[in-house]
Every structure is written in structure tokens, then in C-alpha cells.
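S.K.: I'd like to ask some things about the structure below.
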């Protein structure tokens, strides 16, 4: 893909989608943006509102407009955030029926447009919804990316940094599996500037109870935010920007995205959060870590949970 004059189409011009767009515009990752939404007026309004940044933001763009699925045909990346938001107290998996139907319709229209680029999806429950999209479109699985556990991992890094009083960007810590309640913190691979996180347990700077609490707080963070302000969107918007930028710039960055497993980590036939190399061809390779027995068991259980949910929407594809 070209590094300039890239075109990004956003499907779903709500809070998550527009948070992504605002972050993307500020970082200058593309030159052309198109918004598609089931309700044309908000899409048009957001396009006009964001157009006002043209004369203000240094990393600017050439055009932004409300459009239709026909605009997907020559897009480099399609980002999908459409779907109803999570309600207070509701798990992501409980959203599956309605959002899977929405995604089937979107997938049909995107395929019909002749789109041949990379799709990045954040609609919840993202692992299942990404699976539905790939099955309905029949697109190369490598060219369909879920946001996976990028946000979960960012939350984990922030909480570890907060506990140890270090900058989150100095923390390398990862969450794998479902973007949801069954997610797994992979402590065996976590480190701070190269020093394993478990060394901090050995020296007394952290306890195993601290790690358990940090993982629990990571899982509960979305519920906390939703209870306070009814939705999460800035964090996931930033994560989507990071993924799309890695695609458009062919960065070969390793991110915790939703990629399709075909035997990796002893699981297959589903999308879930794993470390994968992201470049212009989508997720290009899954990185396989040596998980501990406990981590593998938890990961298997997370995949089993997702498979059960996928089974409930198989009639759609």
C-alpha cells in the first residue's frame, strides 16, 4: 500500500468510530476518510465537524465526507465499529445476536462493493463478530483483523505501571483470548524494560495477589467506565488508530489483535486476541509464546467460551 493518499472508510459513525477518526486525523495516518452510517445525518454532521480541523491540525488530511458502501471499492482500509453499545451490567457476549445480524448485513454490502483491502473490526463481541464478517465475506482471513485484546493489554500495562510507579510505555504486558470476561493475562511474557514481571514478585515489589487484582481490574475496567459514562470509546479509538497505522505504514508491528487461529496455541476455527505481526497484508503471522500450563488452560477455556457463542450465530453464515 502507498504511504500517502491512503483512503480509510469508517462504518459506524458513533462514539467509537468518531473517536478513532479524531485520533487518526491528529496522527495524520491517511489523506481521505469516508463515514458510512445507518443514520446518514450524524455521518454528515461528523464529517462537517471534523472538516473544521483541516486548518488547525498540523498532521492534516485532504478530504472527509459522508458516503456509501460504494466508497469501499477503492479503500485501503475499512474500519467497522457499527453495532449497538454495551449496556451497564451486560457482558459483551450477551450482545451477540443483534450485532451479528448487523455485521452480516455490513459484510454483504462491503463484499458487494468490490473491496479488496484490509478490514479492522471493533464491534462487540469483537472476536465473534470478526468471525461472522470473515465467514460472510469469504475474505482472506489475514486481511480481516479484530481489535482483539489491544485495549485489554493497554489497560493491563497502565495498571502495572500505576502499581510500580513507572510509565505504562515501559511495561510490556499482554492479555490474550476473548476481549471480555474470560481474557487471560500472560504474566509469563510480561516485563518492564526487559526485566520479567515475576522478578518483581521475587524481590517483594509485587505479590501474586497484586497480579490477580490487576487482572481483575483489567477485566472490570469496561464495566466501571460504562457505569460511569455509559460507553467506552477513547481507548478503543486509540487502539484502532494504532492497528490501522501499522497496516498503512507496513510497520510489521506486533500487536495483540484478533487473528484467526488454525492450530496456533492449540486452538482453531476462531478469531481471538493473540500477538500477531501487522503490516500491509493484514495480520501476517501469529507469534506463538510458550505459555505456562495454567495460562494455556485459561486460554483454552476462553476459546471454548467463544466457540459456544459462535455456534449460536452459525445460521448467519
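Glycine is no exception: its Cβ is also placed from the backbone N, Cα and C atoms.
These numbers come from a predicted model, not from an experiment.
Taken from Swiss-Prot, the feature active site, proton acceptor applies to 179. The NAD(+) binding site annotation in Swiss-Prot covers 16, 37, 69, 122, 123, 124, 147 and rests on sequence analysis. According to Swiss-Prot, the substrate binding site annotation covers 86, 92, 124, 125, 126, 127, 152, 153, 154, 155, 232, on the basis of sequence analysis. Annotation source Swiss-Prot lists phosphotyrosine at 223.
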S.K.: Per 10 Å Cβ neighbour count, which of the binding-site residues 147, 232 ranks highest?
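M.R.: Result for the most crowded candidate: 147.
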S.K.: Please find which two of 86, 92, 124, 125, 126, 127, 152, 153, 154, 155, 232 have the most distant C-alpha atoms, given that the record lists them as binding substrate, and give only that distance in angstrom, rounded to a whole number.
M.R.: 20
S.K.: Tell me which residues of the chain lie with their Cβ under 8 angstroms from that of residue 86 (substrate binding site), as long as they are six or more apart in sequence?
M.R.: 92, 95, 124, 222, 226, 231
S.K.: Ranked by the number of other Cβ atoms within 10 Å of their own Cβ, which of the recorded positions 69, 223 ranks first?
M.R.: 69
S.K.: At the level of the C-alpha atoms, what whole-angstrom distance separates residue 154 (substrate binding site) and residue 223 (phosphotyrosine)?
M.R.: 16
S.K.: Among the binding-site residues listed here (37, 152), identify the one with the smallest other-Cβ count within 10 Å.
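M.R.: If we count Cβ atoms within 10 Å for the binding-site residues 37, 152, the smallest count is at 37.
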S.K.: How big is the gap, in Å, between the Cα of residue 69 (NAD(+) binding site) and that of residue 126 (substrate binding site), rounded to a whole number?
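M.R.: Their Cα atoms are separated by 21 Å.
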